[in-house]
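According to TrEMBL, the protein carries these features:
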type: DOMAIN; residues: 1-407; note: domain 'Major facilitator superfamily (MFS) profile'
type: TRANSMEM; residues: 12-30; note: transmembrane segment
type: TRANSMEM; residues: 66-87; note: transmembrane segment
type: TRANSMEM; residues: 99-121; note: transmembrane segment
type: TRANSMEM; residues: 127-146; note: transmembrane segment
type: TRANSMEM; residues: 232-259; note: transmembrane segment
type: TRANSMEM; residues: 271-290; note: transmembrane segment
type: TRANSMEM; residues: 297-316; note: transmembrane segment
type: TRANSMEM; residues: 328-350; note: transmembrane segment
type: TRANSMEM; residues: 371-397; note: transmembrane segment
Amino acid sequence: MSSAIPMTDWEWGAFVSLFLLGGVIGGLGGGHIASTLGRRRALLCTNFLYTAGTLSITFAKGQSALYLGRLLTGIAAGISTVVVPVFINELAPPKSAGLLCSSNQTAIVMGILISAVAGVWMATEELWRGLFALNLVPNVLQWLLLPLCVESPPWLAAQGLAQDNKEALAKLYNHSIGVEEERILPEASEAGAADDDSIEDLAHGGHEPLAPPLRRHLSLKQLFASRDLRPYLMAAMGLHIVQQFSGINAAIFYSTTIFMENYPIETATKLTVLVSVVNLIMTLVSAGLIDTLGRRTLLLTSEAAMAFCAAAIYVASNVMLAPPAVVGFFLIAFVGSFAIGLGAIPWIILPELLPAPAITVAASIGTGLNWGSAFLLALLFPVAISASAFAATWNFVPETKGGVLRL
């Protein structure tokens, strides 16, 4: 890319960060789009953004087209990360919700692995446009397959579309309405009536009447005003922040640096792909265990293992001065520990913690915080490294000008 469209380090950093900024924008607006258009049409809208953004980058003649494409794909990704977990949760039977909802994170990690493998052969001056054009493959698949999906029954219920809701449930459950659907059908049959009173009571913890007009979905103000929902909302928001501030992105970046500095380029490339392979394997392990062991157990296991690996990395690199292979092992273990719990569960648990009227607005907040934290870290991490180097030099490196060598 550098010969076709020359970029300074700052301009390259802006190109990378615009995807995260787009994610913040899409994340904050995704809940409103999903509530207004429905889950399926919201995802179809992201197809236009993905297509436009990918084509803009692939055929870019200058930096402006690169920046525009990166921003558009980021916005699409932000909307998708709001809508997809909610959509899957609303379609999945409760007994297998964890496994099915984990498929979202599994697909993301699989995409990262495919990108890493493709980058081994295509990250060249001649093929970089083709590498970006590969993003059109999942986009085309979504264009073809998403119209075959049913709309979310809870969303149809909230719109008062009782007949459409029943038809969607019949397609999902083979024309047999069972225990899983009982929680959805009553909403559809009463959606146009005084059902909103319970939502207004929910927004104030059942203690105070509301002055504003009744509505089917909770507003942001109503959600934060709810004394009953606030602890669950804070827990869900906290997990999204912790996911990014766990250091996973820095660990992946650091692993690449370690490999490049200590191994031949071919070996370093293979080890970088290995990180993505471990990430995928442990994500699949998490999907298989999540409905058996539960969300909280996997989260605690993931966080404890990450803490151990982080401590081991520090001791190995700063105290024991261990070989790079030891540090690399614990870095890969750190990524695997992240994947088994903290990678997928923040996205899965939010729709399970909160009632249907609160989900889309809460998902927007959580996704906005997640992308915002990633954007903040991308901006501050290089600054933090430089500041640490300055502080270490200031405190520990003496001035030797005019000094005498002492043996």
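The backbone N, Cα and C atoms fix where each Cβ goes, and this holds for glycine too.
Remember, TrEMBL labels are computer predictions, not curated facts.
Between the transmembrane segment (371-397) and the stretches 12-30, 66-87, 99-121, 271-290, 328-350, Cβ pairs under 8 Å are most numerous for 12-30. Against the transmembrane segment (99-121), stretch 271-290 has more CB pairs under 8 A than any other of 66-87, 232-259, 271-290. Beyond the transmembrane segment (271-290), the same-chain residues lying 6 or more positions past its ends with a Cβ under 8 Å from any Cβ of the stretch are 98-99, 102-103, 105-106, 109-110, 112-113, 116-117, 120, 252, 255-256, 259, 263, 298, 328, 331-332, 335-341, 343-345, 348. Nonlocal intrachain contacts for the transmembrane segment (328-350), taken as residues 6+ away from its ends with a CB within less than 8 angstroms of a stretch CB, comprise 81, 85, 89, 97-98, 101-102, 104-106, 109, 236, 239-240, 242-243, 246-248, 251-252, 254-255, 258-259, 262, 271, 274-275, 278-283, 285-287, 289-290, 295, 298-303, 305-306, 308-310, 312-313, 316, 359, 362-363, 366, 370.
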